[in-house]
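Peer 1: Found this in TrEMBL, in case it helps:
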type: DOMAIN; residues: 22-71; note: domain 'Malate synthase N-terminal'
type: DOMAIN; residues: 157-227; note: domain 'Malate synthase G alpha-beta insertion'
type: ACT_SITE; residues: Arg338; note: active site, proton acceptor
type: DOMAIN; residues: 592-698; note: domain 'Malate synthase C-terminal'
type: ACT_SITE; residues: Asp631; note: active site, proton donor
Amino acid sequence: MVTETGKYVTIGDIQVHETLKDAVDKNILPGTGVTTSEFWHYLEKLLAEFTAENAALLARRDELQAAIDEWYQGGCKEEQEKFLKRIGYLVDPPATKIAISTTNVDPEISSLAGPLLVVPIDNARYALNAANARWGSLFDAVYGSDVIPRHPCSSGYDPARGLAVLEFVFKQLDHILPLVDAQWSELASIWVDGREQLVASTTKDKATGLKSPVAFVGYRGNASKGDLVFVHNGLHIITKIHKDSQVGKQNSMGLVDVVVEAALTAIMDCEDSVAAVDADDKARVYSNWSGLMRGDLETSFEKDGKTVTRRLNSDLDFRMAGGGGVVTLPGRVVALVRNVGIRLRTDAILYRGDEAFEGLVDALVTATAGLLDLRQLGRNSHTGSIYIVKPKLHGPDEVAFACRVFDRVEEMLGLAPKTIKIGLTDEERRTSVNLQSCIYAARERVVCLNTGFMDRTGDEIHTCMHSKLPVAPKGEMKKARCTQAHEKLNVIEGLSAGMGMRAQIGKGMWAEPDSMKAMLDQNTDHPLSGASTAWVPSPTAATLHALHYHMVDVFAVQKTIPTDPAIVAQLRHQLLQPPFDATVATLPKRDIQRELDNNAQGILGYVVRWVDLGVGCSKVPDINNVGLMEDRATLRISSQHIANWLAHGIVSKTQVKNSFIKMSAVVDDQNRGDPQYNAMNSAGTAFEAAMDLVFEGAKSPNGYTEEILTRARRAVKAKPDKQLRL
């Protein structure tokens, strides 16, 4: 029975906000084969079947944390591993060797290695940029970044900078596609001959060709003048030649660009990078995701006085070398959608009068939208799969719960079993220490296993909040034994479970979007670790990070990763050692103050835009004025860090408040050029929320920030004079 009450429509035991119902009925369901009445009946059933278990899992989290708090407060008299096993925090690993059996996985996830973008799905422009980041101009990425030194120049093309870009690009080609006794910069011409074979000559009329001829796979357009298509380590590269252009005239072969296969996958995020607190926000989130799955998402914006419309790129066709047929390369990434975790609730749906668990709603809505792609409308997955990343799961019981929810969703939607694939994020301590069991629980669905330093460390800090020792300064935590063990075990456990060439093994985000040279210099470490992907903050970063997967054959590296039981046992022991630092109390006062100020600035810079503008992912300058990508994961570690030092007397409550007052002026000054920004002036809803995150940090469940942020954002949206982001 359907009845309307105020802004809600009652359907059995659920009440659906009219804004969300309208979005689902009109924007998502058409084309799925699911009727309106069927969908809302399915949601009612899903909430009826899983709400109580969801609540019980959250209660179990609190129960375990209370036991750990008591253990620390009692002096840690029982040996830690024995204690954690006794309370059920640490479980026995599976009795049999794990071998994942996930099927129908797209090669971008299973058997190719390359960058991964993560973007807020509530922003259509960002989502489209990410979806279209499958291909990137290496010229543009280098020219527009700090990969080569910046020099002041007039507006327009800078020929001197262009020459530096050409030098960089030619060196990359020499490494990736080496020539026989020649360098790319020496070429006068390169073309496809009458036999459709690649031929080249240098400026000295010397014939040459590729050292590995199989790297040339075809061409686009005219055989003698068209784009040339190569492949290396599974990734495609396209050279573009136009001798009469401004760039082409600067080199003997007329090269004007090298287009590289950049991001293979992208996570369209409903979670940490999104500020979705009500039905309006969730409607936008779901509508954008369904637009991607249907293939018709587009958005328009003003740029340089002109209206620009952005939509999904088309696929790329090329003719195979040697007289072969036409081959099509995907023009877009394979998109995964990250649902929220099991803790969040939403007032967009009420179940028996209470806010529904948002993760259950996400599961059904995003999977239903995935039907649009399975009907080959958007062409995201070519293997008939729907990819859902499930974050912030604590241990194997919660992983098993998520998989059972997907079982039920598949039954409701008439999908073949295991159509919905799960991405696991190794970002909570109870998952890390039980990773084998977590993978085992998802062995038929799992397609990716990603680390998450920020969330993982935030949980680590919260777990040991009542220990006798404080945690180390934030910048030192990456060197902590538990962090190093976490990063290594993520790869080892994944490979031991058979994920090599079957699923993604990923590393965390490069957080400095303006520091591309540093990323290029440092991020080779990710593929060298055996990880087949790493998170990047922009299409430019994806284009540049793709070079690392040409430098390193990830799947060859994976074969060398040691999985010796003794090494694994040692790493698991290290994993249980919190990042304590007994010397923190003896640090100079100026160092402690600087650490506090840096954390306060990051918290304020992120929270003010989240609360006042509804922006869930921001580039926030740190105390050194280096722009860092901030989301709720970075907020969690910063707020928990101050809370920990506050609990251990390293800083005082007055000192913290004074730091926030001081740094709010800095943040206000940094945002003075933004017409949407409202200065905090050491007061207001956003400022108070930032303070609450610290002063309530010790008692916030697992150190999560969402409840405080949501409360504050809803308060701002309820104000009559509110300024909201459109």
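Please read every residue number as a count from 1 along the shown chain.
Cβ coordinates are placed from backbone N, Cα and C, and glycine is handled just like the others.
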Peer 1: I'd like the per-state residue tally for the domain 'Malate synthase G alpha-beta insertion' (157-227) from DSSP, helix first, then strand, then coil.
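Peer 2: Across the domain 'Malate synthase G alpha-beta insertion' (157-227), the residues distribute as 24 helix, 22 strand, 25 coil.
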Peer 1: What same-chain residues, at least 6 away in sequence, bring their CB to under 8 Å of the CB of the residue listed as 'active site, proton acceptor'?
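Peer 2: Expected: Val118, Ile267, Met268, Asp269, Cys270, Glu271, Asp272, Ile388, Val389, Lys390, Pro391, Gly423.
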Peer 1: With DSSP, how much of the domain 'Malate synthase C-terminal' (592-698) is helix, how much strand and how much coil, in residues?
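Peer 2: Summed over the domain 'Malate synthase C-terminal' (592-698), the classes give 67 helix, 8 strand, 32 coil.
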Peer 1: On the 0 to 100 scale, where does the mean pLDDT of the domain 'Malate synthase N-terminal' (22-71) fall?
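Peer 2: Summarising the domain 'Malate synthase N-terminal' (22-71) by its mean pLDDT gives 98.
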Peer 1: As a test of the contact definition, list every same-chain residue at least 6 positions from the residue listed as 'active site, proton donor' whose Cβ is closer than 8 Å to its Cβ.
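Peer 2: The residue listed as 'active site, proton donor' has long-range Cβ partners Asp272, Ser273, Tyr606, Gly616, Cys617.
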